[in-house]
Number of protein chains: 2
Amino acid sequence: MGTLKPWARFPLLVAAHLLALGIGAAVLQALEGPPALQLQAKLRAELAAFQAEYGACLPPGALEELLGTALEAQVHGVSSLGNGSEARTWDLPSALLFTASILTTTGYGNMAPLSAGGKAFCVVYATLGLPASLALLAALRCCLLPLLSHPGAWVAIHWQLAPETAALLCAAGLGLLVAGTFVLLPALVLWGLQGECDLLEAIYFCFSSLSTIGLGDLLPGGSRGLHPVLYHLGQLALLGYLLLGLLAMLLTVETFSELPQVRAMVKFFGSSGLLTAEDQGGILGQDELALSTLPPSAAAPEQATTC
Amino acid sequence: MGTLKPWARFPLLVAAHLLALGIGAAVLQALEGPPALQLQAKLRAELAAFQAEYGACLPPGALEELLGTALEAQVHGVSSLGNGSEARTWDLPSALLFTASILTTTGYGNMAPLSAGGKAFCVVYATLGLPASLALLAALRCCLLPLLSHPGAWVAIHWQLAPETAALLCAAGLGLLVAGTFVLLPALVLWGLQGECDLLEAIYFCFSSLSTIGLGDLLPGGSRGLHPVLYHLGQLALLGYLLLGLLAMLLTVETFSELPQVRAMVKFFGSSGLLTAEDQGGILGQDELALSTLPPSAAAPEQATTC
């Protein structure tokens, strides 16, 4: 791997990713294709049986129209089933969860704006809010970075390990702690509270939320006829979980990205030789001649986000 | 603002974010609450009218059961309407789009795994794939960072501006270019191609994809009876758009995060005074005494991801 030419490394990494994309797609197709086809066949058989049995009294297309309206409404989180006493779609806890899913880019999608004004507001809100969230995360990193390096130093001294090994151990420990506290534990709680989903589905939901993938196919408490107060408490709990859990994930990612091993790997693939050291030195030299007030940040492009 | 005590800055930023979350929720509630209630009322009226007219020949609960099954299937992307010649749910282009939505954390959710194996595979795939994607992005940043600083230097020299002003101008220019090329242009294309969505909805979709929020409420080509080949081409186009567009977004975010103005703001809010300079110096001094082989990265915790 070390003999790989610089210009070839990054394209190789990209090719590996595209291959992984394809392999993932093929595996999921194999796993999910048959169950999806079966469900579709079952559904169509049910529809056909329904039409056959009661179709005599139904005008043609009436059932399809009703189904179509109900399905379209569900996309926006409007449910057609259930009585009127359940929680409304855009009550405050639901709206809070929705805006949090926007600002964290999780985007569950179980609720979505219907009106043009709502859609326009979402675009503007995210355009302003996402950069602000990124700035918040960068500031948090600056705050906590000193704290993150101390466990590694402590372990290195007291367990007599090389600093790199100690840092790796601490990062792995933090990763396991976060996975246990923010994925496994909440999943166990969800599994215990909800009769409908098994442990795997609960883990799948927690993972989907904290990775900000947010598929939105499983959301706790949605289908059961919960008392509105309990439902709202659950949504607020989910909101808190999302925000705290993402924070923990960020810290873990930061800790891993600071590891010397990870930095070395990034540098290996990132040194594409697009610009040689002499080119960089030459261009910067001319800049420095022309502008004596060039700030240090422009003269050292290799140094990225510092605190 | 400058007289704000260090320990107060970050909490203030957090409080501002929580307030923004609440304000966004309140605005969306005002915008979306009424339309959602109206749609729900309309849907229930339709259901009631259907039951009233044809309920005589339908056994109680039969319609609700059918609706329930159809709605549940839709959550996983299995459609109950339409004939059998349309594209299958987990064909290869759809599966590719799904895995890409996982690795980019967009997570549209228009398709979701049904089987336990599929869900488990998604968790494992994302656990391995997301760190790899992050490493890819970090390596890309290393590659392209030298290129990003040149326009600023060129503008500063040739337009006789201060380096910070030149950098800000270039960042703003890049932002507008990316917004025009990857949000406005694709939105115009979508709007032209699809009769059903207006320009705002097309912009809303492009924005939702590129910000990785991925609500999934609007996906091009889903509801129309497109020829399968056209539908697949559209999905592959969407896949390419997602990957390239996210790349462009990343470059823009990186360029903005390198701006001196942004760095100063992050440093302002991030210097919480959790650890004073003397504390840092004292602890590091002891570490250095104990470990003469301490690498430079551990001795300079303020410097984050470098290339």
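In case you wondered, yes, glycine gets a Cβ from its N, Cα and C as well.
Quick look at what TrEMBL annotates:
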- B:87-140: domain 'Potassium channel' (DOMAIN)
- B:182-258: domain 'Potassium channel' (DOMAIN)
- B:92-111: transmembrane segment (TRANSMEM)
- B:123-148: transmembrane segment (TRANSMEM)
- B:168-190: transmembrane segment (TRANSMEM)
- B:202-223: transmembrane segment (TRANSMEM)
- B:229-253: transmembrane segment (TRANSMEM)
- [ ] Averaged across the domain 'Potassium channel' (B:182-258), what pLDDT does the model get? Just tell me the whole number, please.
- [x] 84
Open item on the list: Within this structure, do the transmembrane segment (B:168-190) and the transmembrane segment (B:92-111) have 3 or more Cβ pairs under 8 angstroms, counting pairs 6 or more apart in sequence?
Closed with: no
TODO: Tell me the residue counts in helix, strand and coil for the domain 'Potassium channel' (B:87-140), as DSSP assigns them.
DONE: 37 helix, 0 strand, 17 coil
Open item on the list: Using DSSP, what is the helix/strand/coil residue split across the domain 'Potassium channel' (B:182-258)?
Closed with: 54 helix, 0 strand, 23 coil
